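Novice: Dumping what TrEMBL says about this protein:
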- A:7-33: transmembrane segment (TRANSMEM)
- A:39-63: transmembrane segment (TRANSMEM)
- A:84-104: transmembrane segment (TRANSMEM)
- A:110-136: transmembrane segment (TRANSMEM)
- A:148-167: transmembrane segment (TRANSMEM)
- A:173-191: transmembrane segment (TRANSMEM)
- A:248-268: transmembrane segment (TRANSMEM)
- A:274-292: transmembrane segment (TRANSMEM)
Amino acid sequence: MHPAFSVVFFTTATGAGYGLLALLGVLGGLGFIPADFWLGLAGMALALGLIVAGLLSSTGHLGRPERAWRAFSQWRSSWLSREGVASVATFIPAGLFGIGWVFFGKSGGWVAAAGLLAAAGAVVTVCTTGMIYASLKPIAQWHSRYTLPAYLIFAAMTGSVLANALLQSFSAGSSAILALALLATLAGWVWKLATWRYNDQLEIPTTANTATGLAGGTVRSIEWPHTEENYLLKEMGFRIARKHSAKLRWITQALAFVVPIVLLILAFMAPWPLASMASALAAVSQFAGMLVERWLFFAEAKHTVTLYYGRA
Amino acid sequence: MTCLPAQTDKKLGLVIDLDTCVGCQACVTACKEWNTGGHMAPLTDTDPYGAHADGVWFNRVHSYEHTTELGGRTVNFPRSCLHCEQPACVTVCPTGASYKRASDGIVLVDEDKCIGCKLCSWACPYGAREFDTDVGVMKKCTLCVDRIYNHNLAEEDRVPACVAACPTSARHFGDLGDPTSAISQLVEERGGVALMPELGYKPTNRYLPPRARSERAAKVDAPALEPIKAEGGFLGWIDRMLSN
């Protein structure tokens with residue numbers, strides 16, 4: 001599948017934004033993170049900023065972005081429509097929580113209720129994003145039990161690493177958040193390795209035989225219907241050389257998992273200004289790593305239409 | 001809107017005979033010619049005379065070499081929308097632009113509602129949908145919905161343009177939901193198959209596999225040329241004279 005940058009950035013940014021929003025909603029609403037104007041403002045601006053930037057970026061690949069409002073109508077059948085509805089609906093409790101927690105400096109009561117609702121909305125939205133990909137049968141690497149948990153784990157991971165960086169920079173860090181960020185990153189690494197292992201051993205029942213209805217033997221493409229690349233090949237026929245794929249997997253692991261883990265352990269041991277810098281660097285490195293991961297998620301996904309073009 | 005009808009009154013579709021298709025591309029050009037002025041018009045071409053010609057087509061003919069233990073054969077394979085009973089291209093549509101008609105099962109796109117998110121083309125395993133970069137919306141085969149019900153055309157012309165154009169009658173149109181229809185009988189008789197049945201889209205269109213090889217055909221080998229036998233009479237005399 002063609003890795004459109006607007007979609008790669010969209011899923012990465014909203015994942016991190018919703019992860020951070022959910023953590024702030026729960027921890028801020030229940031008073032585990034004390035209400036502080038500047039910390040709250042920075043945190044909510046970062047979370048909502050990532051979400052808004054991601055959603056705006058997602059409209060970048062639309063052919064007719066001026067009609068985007070229509071996408072809220074088919075929530076009964078379409079995960080993409082559900083994602084749109086959930087993402088917009090989440091702004092309501094998130095906005096209320098932000099006002100109560102940041103501007104009124106409150107926690108508990110209605111602020112806690114709004115915070116918990118915002119967290120629930122964030123989780124639902126990330127689930128709908130994951131389901132858009134997990135529901136697509138023609139792409140075996142996405143239509144697997146690994147896809148939905150991956151979106152949730154990566155949102156929790158990037159969100160908690162961001163939350164830790166935020167709290168550390170206001171010298172309000174806690175070892176519990178640091179431990180959460182560390183554990184979530186480890187979980188993300190394990191899940192990504194398991195997903196790659198599963199995809200590499202995948203035996204896809206759909207072949208050139210079932211695609212053409214020609215039973216038995218081999219079906220070899222001897223002539224395409226067109227001489228130049230068409231929409232199908234540009235959009236669905238994206239290919240990545242195996243050697244680049246292997247190299248990019250190492251880059252993903254280094255930036256998204258190994259470097260953040262080392263920096264977070266350093267933050268555990270180092271005194272304040274150093275711990276804060278290490279935490280911020282961990283978040284930046286992980287975000288870059290997750291962009292590479294999401295690019296690979298598309299580039300390594302193979303659509304059944306390529307079978308018609310003799311691409312096994 | 002993008003929820004699917006529980007059942008459709010008819011299941012209009014195509015049956016394509018892979019035994020007789022000669023890969024002449026007549027259906028491809030007839031489709032383009034009709035539809036670039038039809039329901040989904042225009043079928044935009046970009047750089048049509050340049051080095052990177054590209055454009056929207058609803059029907060594409062591939063050629064394959066199918067090799068089994070009995071030998072190899074060339075199979076020409078027209079590929080277009082199969083008007084599935086479970087079209088995920090419709091259910092994934094966030095805007096209601098894609099829909100499946102309850103009356104005849106045809107899957108269509110309302111171009112005025114399409115936002116061009118391309119998700120339907122990802123959801124189609126068969127590559128039936130093509131994006132029009134110029135108009136910014138998705139396009140697909142309409143089963144010539146503007147021909148098959150068109151009372152301005154003579155009754156025999158009320159078939160999809162691809163069917164009308166096929167010089168070898170490899171393309172058939174009709175109601176695959178009616179077991180007594182001629183097209184259903186043809187599928188029954190020839191063992192017509194659905195493409196990628198394992199994905200569960202339940203395509204309406206059927207493909208008739210190439211017929212088995214037959215040993216029944218008469219021998220047409222001409223006997224080898226042999227030297228002319230010496231004849232008697234006048235011709236024999238000429239033969240002898242010329243042979244000297």
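Quick reminder: no glycine exception, Cβ is built from N, Cα and C everywhere.
Those TrEMBL annotations? Automatic predictions, nothing curated.
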Novice: Can you name the far-off residues of the same chain, 6+ from the ends of the transmembrane segment (A:173-191), with a Cβ under 8 Å from a Cβ of it?
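Specialist: Non-local partners: 27, 146, 149-150, 153-154, 156-157, 160-161, 163-164, 167, 253, 256-258, 260-261, 264-265, 267-268, 275-276, 279, 282, 286.
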Novice: What else in the chain is close to the transmembrane segment (A:110-136), if you only count residues 6 or more beyond its ends and a Cβ gap under 8 Å?
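Specialist: Contacts with the transmembrane segment (A:110-136): 11, 14-15, 18-19, 21-26, 28-31, 79-80, 82-83, 86-87, 89-90, 93-94, 96-97, 100-101, 104, 142-144, 147-152, 155, 297.
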Novice: Residue list, the transmembrane segment (A:84-104) vs rest of chain: Cβ under 8 Å, 6 or more residues beyond ends.
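Specialist: That would be 14, 18, 21, 24-25, 28-29, 35, 37, 40-41, 44, 47-48, 51, 55, 71-72, 75, 110-111, 114-115, 117-118, 121-122, 124-125, 128.
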Novice: Of the listed stretches (A:39-63, A:248-268, A:274-292), which one yields the highest count of Cβ-Cβ distances below 8 Å with the transmembrane segment (A:7-33)?
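Specialist: By Cβ pairs under 8 Å, A:39-63 leads among A:39-63, A:248-268, A:274-292.
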Novice: Six or more residues out from either end of the transmembrane segment (A:39-63), which same-chain residues have a Cβ under 8 Å from its Cβ atoms?
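Specialist: Residues 4, 6-7, 9-14, 16-18, 20-21, 24, 28, 33, 87, 91, 94, 98, 101-102, 105, 162-163, 166-167, 169-170, 172.
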